[in-house]
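**Student:** These came from Swiss-Prot, pasted as-is:
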type	residues	note
ACT_SITE	E125	active site, proton acceptor
DOMAIN	131-380	domain 'Radical SAM core'
DISULFID	C138-C383	disulfide bond
BINDING	C145, C149, C152	[4Fe-4S] cluster binding site
BINDING	G209, E210, S241, S263, L264, H265, N340	S-adenosyl-L-methionine binding site
ACT_SITE	C383	active site, S-methylcysteine intermediate
Amino acid sequence: MSISFDLTIDDTRDQLARHARASLEAKPSLIGMSREEMAAALIAAGVPERQVKMRISQLWHWLYVRGVSDFADMRNISKDLRAMLAQHFTIARPEVVEEQISQDGTRKWLFRFPPRSAGRPVEIESVYIPEEGRGTLCISSQVGCTLTCSFCHTGTQKLVRNLTSEEILAQLLTARDRLGDFPDKDTPDGAMVPAEGRKITNIVMMGMGEPLYNFEEVKKALLIASDGDGLSLSKRRITLSTSGVVPEIYRTGDEIGVMLAISLHAVRDELRDILVPINKKYPLAELIKACREYPGLSNAKRITFEYVMLKDINDSLDDAKLLVKLLQGIPAKINLIPFNPWPGTNYQCSDWEQIEKFADYVNAAGYASPIRTPRGRDILAACGQLKSESERLRKSERLALEAMMIAGHGE
């Protein structure tokens, strides 16, 4: 039995108006800023330049080690400076609209972010998967997706917009809030908190959207997440999954340096063109070449290839043989993913016996090929099942919202 908590209380129309008025007075968030951006913002707000380096160090600790979401909780910063920071900036969390808890302990959150420009509030989903000895947070990078992979529920939701680095990090910060994963108020100020005992030990960019179509914001967020003076997640515990945006794959290794996962799902171009349509732009030969050239690739830093098992589509032993041949010489792990059904799909999951035969062949060829245990299926939190109700604003709605904002500004 799954548990669902609907955390909304406002009428949608009233909430839209409230967000529209708030956007007129929106303050920039310090969350998601690089140190250089934060320095410029603090100087512009009136912080003396000689103090900036110290203030950044203090803020970084409070935001990313202690996880505070209110300037008033920053106890080693003067009351006057806290008031000035609150006047110019925000560090607020997104609204948690709904929290669902699966029978297996998986948690899915629906987060709502305020509008940007003439947009509307948007919603995205994040998923926490607890396992023995580790806990993985699956993070979204876009609202919706452009890729329309035919087996993926998210692909049925048109792209609304990219998420900012703040919104990407906010998923991690809010999840840690909900799980009690930040230190309590009795922890001494300035203390670095050990990683042992953390509920979130790994993050995967495998939620809604294609991360490499939002490269700069994803890069900024992941560099902050892996910063040793803050959230301090090892880059070996951060995995970025792409459907194959070839030009950005090398940049991912060179500029971010995290683990790479490829949503492969087919070993023949004619089939992958259907399952993962970006293959028409970047076919298998180009994708595999980019993987072979991934910076830092080694047995200690393998690429994960994700392969959803679709009955009578891509699950034959011939497919397994072609898969081994395709990846020959690449340090790799192959995750076999039983297809997770969603409303309206025409695909079926491969029979378990067939999945095991496929896995046995790949294993015998020297590639680790674990069969992923489906998690959170009962709350549509499993791989390929995420989707929110956010849509791109129609022109008539955009004009109405702009009028509402103008009216609000005149109050």
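Cβ atoms here come from the backbone N, Cα and C positions, even for glycine.
Burial and contacts for the listed features, if you can.
**Tutor:** A sphere of 10 angstroms centred on the C-beta of E125 (active site, proton acceptor) encloses 25 other C-beta atoms.
For the recorded site, C138 (disulfide bond), the DSSP three-state label reads strand.
All chains included, 23 other C-beta atoms sit within 10 angstroms of the C-beta of C149 ([4Fe-4S] cluster binding site).
H265 (S-adenosyl-L-methionine binding site) carries neither a helix nor a strand DSSP state and counts as coil. Under a cutoff of 8 A between CB atoms, and with a sequence separation of 6+ in the same chain, the neighbours of H265 (S-adenosyl-L-methionine binding site) are C149, F151, R272, L275, V276, E306, Y307, V308, L310, N314.
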**Student:** What is the number of other Cβ atoms found within 10 Å of the Cβ of E210 (S-adenosyl-L-methionine binding site)?
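**Tutor:** Around E210 (S-adenosyl-L-methionine binding site), other Cβ atoms within 10 Å: 27.
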**Student:** Measure from the CA atom of C152 ([4Fe-4S] cluster binding site) to the CA atom of L264 (S-adenosyl-L-methionine binding site) and give the result in Å, rounded to a whole number.
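**Tutor:** Rounded to a whole number, the Cα-Cα distance is 13 Å.
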**Student:** Can you tell me the CA-to-CA distance separating S263 (S-adenosyl-L-methionine binding site) and C152 ([4Fe-4S] cluster binding site), as a whole number of Å?
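**Tutor:** Their Cα atoms are separated by 11 Å.
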**Student:** Take the C-alpha atoms of E125 (active site, proton acceptor) and C152 ([4Fe-4S] cluster binding site) and report the distance between them in angstrom, rounded.
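**Tutor:** One finds 15 Å between the Cα atoms of these residues.
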